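For reference, the structure is listed below as structure tokens.
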């Protein structure tokens, strides 16, 4: 335990030296004072993917229909709460859409910070997206984009909550909460085969995510053009990170919806097929069929 505490002290000292004093308003909040819980949960997440795939290799895929229904409903409701609370609290604080500092809104800033803590915590809950893929043997959906997005968001938002827990930080989570209401409603409906014929709007979810990232970059850079005291380095980092998501999601969109099929066998997956988190098993099944024909 002494070695663990020493490791914790070293990490926290390093982060404090890098980013400066933490925001005192969030001291003592669950999982924020030490980086270790966030770090170890992320390591466990990555190990679970690797070990889980090995464990499931020679075992049948699990259905998990009931669990997935409850899970998607829970994330949808949490996202709805965060969206409503962020709109109400920023309205109460008179937040400036172009640039909002960290202190001028008083109690409204604390209210925003509390919602953003739930946003941070929800990123650890969303690790279950990938775990469910593993248990259902949906390995084609566990892409670099998927894992990068899930792992990085959880760690980045630990930093956000400690140093910039309100102000300009509100915008991205507000948009993301709205997008997640749509996404997890879609995922929940996709569990039921009878609903598949109504799920023709998958690609529009990806388009909405891309719009979300572009709007977040625009909002972030507006505070660079007209500064209000929000940390400049944080603005540049957030814009750069969002740009990586734009590139990765745009690549996925082009590969999935715009690229011409190589063969007639490889067709656009119909809306009736099961879709989860922007990936369709039917597409990869068709691709494998083409390769198998070539090998014969």
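In case you wondered, yes, glycine gets a Cβ from its N, Cα and C as well.
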If Swiss-Prot is the reference, give me the range from 10-27, 208-225 marked as transmembrane segment.
208-225
I'd like to know if the transmembrane segment (175-195) touches the transmembrane segment (67-87) in this structure, counting it as a touch only when three or more C-beta pairs sit under 8 Å and are separated by 6 or more positions.
yes
